[in-house]
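A.B. asks: Can you keep this structure in mind? I'll have questions shortly.
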Amino acid sequence: MIKFTNENLIRGIRMTISAKSRHLALGTDMTRKFSLSCRFLNKANLTEEEKELLNEPRARDYVDVCIVGGGPAGLATAIKLKQLDNSSGTGQLRVVVLEKSSVLGGQTVSGAILEPGVWKELFPDEKSDIGIPLPKELATLVTKEHLKFLKGKWAISVPEPSQMINKGRNYIVSLNQVVGYLGEKAEEVGVEVYPGIAVSDLIYDENNAVKGVITKDAGISKSGKPKETFERGMEFWARQTVLAEGCHGSLTKQALAKYDLRKGRQHQTYGLGIKEVWEVKPENFNKGFAAHTMGYPLTNDVYGGGFQYHFGDGLVTVGLVVGLDYKNPYVSPYKEFQKMKHHPYYSKVLEGGKCIAYAARALNEGGLQSVPKLNFPGGVLVGASAGFMNVPKIKGTHTAMKSGLLAAESIFESIKGLPVLEEVEDEDAKMAMFDKEATINLESYESAFKESSIYKELYEVRNIRPSFSGKLGGYGGMIYSGIDSLILKGKVPWTLKFDEKNDGEILEPASKYKPIEYPKPDGVISFDILTSVSRTGTYHDDDEPCHLRVPGQDMVKYAERSFPVWKGVESRFCPAGVYEFVKDEKSPVGTRLQINSQNCIHCKTCDIKAPRQDITWKVPEGGDGPKYTLT
C-alpha cells in the first residue's frame, strides 16, 4: 500500500481508529440511553483561537481516482482499475477508497444471494472448486428453493419466474464478510483502502466540475466548539471521483441535484430491507435452502415480501423488504417484520434458536426508469448510488459490481496517458498540473452501460415493480408480473411509470386511516426495537453535532408541522428508534420531536420517507454508525 507522507492525515486516521477502538473495548452502552443532543444546536461562542483552528487550511493529497464507498461497487471499481493499470499501464495509478465504516463491510447490509458471473469476470484467474471465486467458507450454493404466498396460517406454492431461480446457480453469503474479503483483494493489487473516513463534501472548480472530495472534520462538540481530539478534514484532489456510497448517498444526492442527473428520468422509489441472522436448531437447518414469500403480513396496498436463507454452519437469515411508497402513515415496517416471523412458515425455523444480528437499509426499487445520468464533470455514479437493483430478482450486487467494471474501463482509458503523480514531488507542481488538465466527463461510461448486460437485464423487468403501484395493488401486480415474467419477458411496447409523487410526498393524512394495532413482541421470536438496535453495535459520540437535520433544528416547530397531519409517522418508518414524539406542554400541539441520533443505523429511510422531505441525513464522524456482523 502506498503511504501518505502528510502528518495531519496520519494523525487523523490514528485518532479516529483509536477513539472507535476505545468504544469497542469498553463495550459502551449505545442504544438504551436516548440522546438529547439533537434537540438544539447551540451557536458556539468561539474564541479567536478556536475560530482559527476550525478554519485552518486543510491538508491536501492528489490521487488519480478517489472512490467514496468501500462496498461491492466501489471495491470492484478499484480492483479493476488497478488490474488494468498493473497489466497495461504504469502500475503507479493512485486509486484510493474512502469508507466511513471503521471496517470494510461494517455497514454493509444485503440478503444476500450472489450470481457468480461478475465474480468470474473480475477474478478470471482465480481457481475455485465451489463455482465462484470466493473462499468456500463464505459461500453456500443454493440447493433448494421455494416461492410462497402467505395467507392466514397457510403457505401456498407459487410458480417461480425464471429470473428468480437460484437453485444450482447462485450462492448465499453474508455480504458483510464478502466485502471484507474484497477489501483484502483490493489491497493485494495496490489499492489504497482507508476505512473510518467520512466524506462530507465535493470539491468544485470555477467551472462547477468536481475535482475531488473533502473529509469530515472530527472532534467537534455538539455546540460547535473544537475538542481536544479535533482533527481538520482533508482534501483529496482526484482526476476522477467515483461515488459508490450505496443507496441514497449524501454526496450522490448533491450531485443529482447540482447536475440535474434525473432530467428525463423518473424519481427513484425505495424499499426498506430489515433482516436478522439467527443460529437455529440443527433439525430446523436446511443448508442451501432459499425461500421468498409474498402476502402476509403486508396488505394488498403495500409492496414487499419476505425471505429466509440457510447458510454457513447453522445460520439463517430472515428478512422483510417493504416498499416505501406506502400511503398509510400508521404502517411500521419494523413491526411488520416482527409480525411476519410469527407465521408458521418462519416460526417453525426460528423456534429454539437465537437471534445474533440485526440490520436495516434502504434499497433502490425504481429500476431502469429511475437510473439517472451516470456521469458528470469530474465524476461518475456506480452501484446503488445509481440504482441498478433488479427488483424481481431481489439482487443488486452483481449489477453494482458490473457497473464498477464498466466505470473502471472508461476511467482507465481516459487517464492512462496522463503524467504519473508519483513522479511529481512538488505539491505546487501537482496543483498546477491538476489546474491545466481538462476535466474528464465520462460519456463513454454512460454509453457502455446502455450496451451492457445491466441495461438488458433491467429493461426486461422494467414494468414489474411499477405494476404493483396501480389501482389493483399487490394482486394486480402479481397477475401482471406473472404474465410479464413467464410469457412476455418484457418484450412489450410500453414502459409503466411510477406515481409522480415521491415516497415521502405520497403519504396520506392519518385521518384517512385507523391506527394499526401490532402484536407486542414476545422476546423470543419477536423483539422490541431497542433490543434489535443493541444487536447492531451502533455508536455515535454523544458530544458531536447531530447528523440528522431538520429545519433550524427546531423540534417543536417540526412537530407543529408534521404531527397533526401524520400522527408521528417518523417514529414508525424508522427501524432504529431514532425519532420520537414526546410530550411538551410548551408546544402548541402538546408534543415535540426528539431525535435519538445515537441509535441511527444509517439506513437513510428518514431522508427518503419524511412527508415534507425536511429531514436531511448528513454524514457523522468517520467510524460512527453500526458495526454489523454476518449481515
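Residue positions begin at 1 at the first shown residue.
Yeah, the Cβs are placed from backbone N, Cα and C, and that goes for glycine too.
What Swiss-Prot lists as FAD binding site is 65-79, and the listing cites sequence analysis. Marked as [4Fe-4S] cluster binding site by Swiss-Prot: Cys574, Cys600, Cys603, Cys606. Positions annotated as domain '4Fe-4S ferredoxin-type' by Swiss-Prot, on the basis of sequence analysis: 591-620.
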A.B. asks: Of all the binding-site residues given, namely Val65, Ile67, Ile79, which is spatially nearest to Cys606 ([4Fe-4S] cluster binding site) at the Cα level?
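C.D. replies: Looking at Cα distances from Cys606 ([4Fe-4S] cluster binding site), the smallest one goes to Ile67.
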A.B. asks: Sequence-remote contacts (6 or more beyond its ends) of the domain '4Fe-4S ferredoxin-type' (591-620), Cβ cut-off under 8 Å?
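C.D. replies: Distant Cβ neighbours of the domain '4Fe-4S ferredoxin-type' (591-620) are 30-31, 33-39, 100, 107, 198-200, 216, 247-248, 250, 253, 270, 272, 324, 329, 359-362, 502-505, 507, 530, 533, 536, 538-540, 542, 544, 546-551, 555-556, 558-559, 561-563, 565-566, 569-570, 573-584, 626.
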A.B. asks: Compute the C-alpha separation of Gly71 (FAD binding site) from Cys574 ([4Fe-4S] cluster binding site), stating it in Å without decimals.
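C.D. replies: Each residue's Cα considered, Gly71 (FAD binding site) and Cys574 ([4Fe-4S] cluster binding site) end up 23 Å apart.
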A.B. asks: Counting all other Cβ atoms within 10 Å across every protein chain shown, which of the binding-site residues Gly69, Gly71 scores highest?
C.D. replies: Gly71
A.B. asks: Cα of Ile79 (FAD binding site) to Cα of Cys600 ([4Fe-4S] cluster binding site): how many Å, rounded?
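C.D. replies: That separation, Cα to Cα, works out to 31 Å.
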A.B. asks: Quick one: give me the count of other CB atoms within 10 A of the CB of Ala73 (FAD binding site).
C.D. replies: 32
A.B. asks: Can you tell me the CA-to-CA distance separating Ala73 (FAD binding site) and Cys574 ([4Fe-4S] cluster binding site), as a whole number of Å?
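C.D. replies: Distance (Cα to Cα, whole Å): 26 Å.
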A.B. asks: Which one, from the binding-site residues Ile67, Thr77, Ile79, Cys603, Cys606, has the smallest tally of other C-beta atoms lying within 10 Å of its C-beta?
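C.D. replies: Sparsest of the binding-site residues Ile67, Thr77, Ile79, Cys603, Cys606 by Cβ contacts within 10 Å: Cys606.
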A.B. asks: Neighbour count, 10 Å Cβ-Cβ cut-off, for Leu75 (FAD binding site): what number do you get?
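C.D. replies: Step by step: centre on the Cβ of Leu75 (FAD binding site), count other Cβ atoms within 10 Å, giving 31.
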A.B. asks: Can you tell me whether DSSP puts Ile67 (FAD binding site) in helix, strand or coil?
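C.D. replies: Looking at the DSSP assignment, Ile67 (FAD binding site) belongs to a strand.
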A.B. asks: Would you list the other residues of this chain near [4Fe-4S] cluster - those whose C-beta lies within 8 angstroms of the C-beta centroid of Cys574, Cys600, Cys603, Cys606 - in sequence order?
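C.D. replies: Not counting the recorded site residues, we get Leu548, Pro575, Ala576, Val578, Tyr579, Ile601, His602, Lys604, Thr605, Trp617.
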A.B. asks: Within 10 Å of the Cβ of Cys574 ([4Fe-4S] cluster binding site), how many other Cβ atoms can you find? Include all protein chains, please.
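C.D. replies: The Cβ of Cys574 ([4Fe-4S] cluster binding site) has 28 Cβ neighbours within 10 Å.
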A.B. asks: If you measure from the Cα of Leu75 (FAD binding site), which of the binding-site residues Cys574, Cys600, Cys603 is the nearest?
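C.D. replies: Considering only the listed binding-site residues, the nearest one is Cys603.
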A.B. asks: Determine the mean pLDDT over the domain '4Fe-4S ferredoxin-type' (591-620), rounding to the nearest whole number.
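C.D. replies: It averages 98.
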A.B. asks: Based on Cα distances to Val65 (FAD binding site), point out the closest of the binding-site residues Cys574, Cys600, Cys603.
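C.D. replies: Considering only the listed binding-site residues, the nearest one is Cys603.
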A.B. asks: Would you say which of the binding-site residues Val65, Cys600 has the most Cβ atoms within 10 Å of its own Cβ?
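C.D. replies: Buried the deepest by this measure is Cys600.
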A.B. asks: Return the member of Cys574, Cys600, Cys603 nearest to Thr77 (FAD binding site) in space, with distance defined Cα to Cα and candidates limited to these binding-site residues.
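C.D. replies: Minimum Cα distance from Thr77 (FAD binding site) across Cys574, Cys600, Cys603 lands on Cys603.
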